[in-house]
């Protein structure tokens, strides 16, 4: 959640940064109006409280001097003040609650070094790694390869569920499992502790990482239950520490988990309708880190390097992109995307996003750490290492042969 104290103190500059992420100016003006009302009420309230305290002391003095009549008169004034104070306190609480609700749907402030831009077309390429493969034949898309090899059964996926669900068979199923184990082992080598988490979480957990209340339409909710299927392991991993004070954070907490992920993909109608690039259910191995504020930049670089190294081990060509302000996610202050080469599309496609949310999620989820005698907000980071289904797509397309078979990357052979 955005720091409301910072927004109130430096409204013009902060709102200017927020507009770069597409925040509606009317919403910001409503918040500004509430800040003004809050300030006016607090000023009046402070005066009334001061007046009440002065009168209360006078009552004590009159009672000591035996002047009960005068004391009773002032008591009436104090009681009248109490009623005014009670009304104002209720108004103040209403305004503060309203500010809190509005803050829950305001995104994080982008870092100063994030490039300014409206959408993905203005993201900035950092570097490319690996050679794009050349074929002496027309490379086939993964869905065509998958059906020919009887690896991917789209028809039965629809029969069992609906569109954007797929049945994986034979070597596709084995490769999916191999990739999960490979990614978990790889992340552990980079110092991330493996965790197994619930695939369903409650509303407070979804709110803690920023999925609720703004993105409810993209979540699968369990009917008659306050439970949601997770869209990413970032949600349960980060919220492990919700409402907690971490006593020792001298070293960052580094976690990794495999989970299936569930997304309605609202707003994706007509995009990636073929194959398994965009599914309602997909596997992902996630990285999450919790750090002191001064350690989060270093951890961000480490997480980008970890995910990048996984692609390099698999021999997959990729590029790194710094996302511009208009393409940043809701909770992110800064994001680097990794995009892997997809031959049939003749372009790079996202396979990982690594984000530093600074103290945005920590403020929502109340995750703090001990710094001497003070409790301070942590920084939280997350990133895919990696999206399993999209890695399978990249392997199928980059490692395909002229006869329609798929070669296996050396790094995966021991897992098969």
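Along the chain as shown, residues are numbered 1 onward.
The backbone N, Cα and C atoms fix where each Cβ goes, glycine too.
Look at Swiss-Prot and you will find 232, 233, 234, 286, 384 tagged as L-serine binding site. Close to residue 234 (L-serine binding site) in the fold, though at least 6 residues off in sequence, lie 209, 286, 288, 382, each with a CB less than 8 Å from its CB. The secondary structure of residue 234 (L-serine binding site), as reduced to three states from DSSP, is helical.
Residue 265 (ATP binding site) falls within neither a helix nor a strand when secondary structure is assigned with DSSP, and so counts as coil. Taken from Swiss-Prot, the feature ATP binding site applies to 263, 264, 265, 350, 351, 352, 353, supported by sequence analysis.
Of all the Cβ atoms in the protein chains shown, 29 others lie within 10 Å of the Cβ of residue 352 (ATP binding site).
On the backbone, the CA of residue 264 (ATP binding site) and the CA of residue 233 (L-serine binding site) stand 16 Å apart. Using CA atoms as reference points, the binding-site residues 232, 233, 384 were checked against residue 263 (ATP binding site), and the closest is 232. For the binding-site residues 232, 384, the ranking by surrounding Cβ atoms (within 10 Å, all protein chains) places 384 first.
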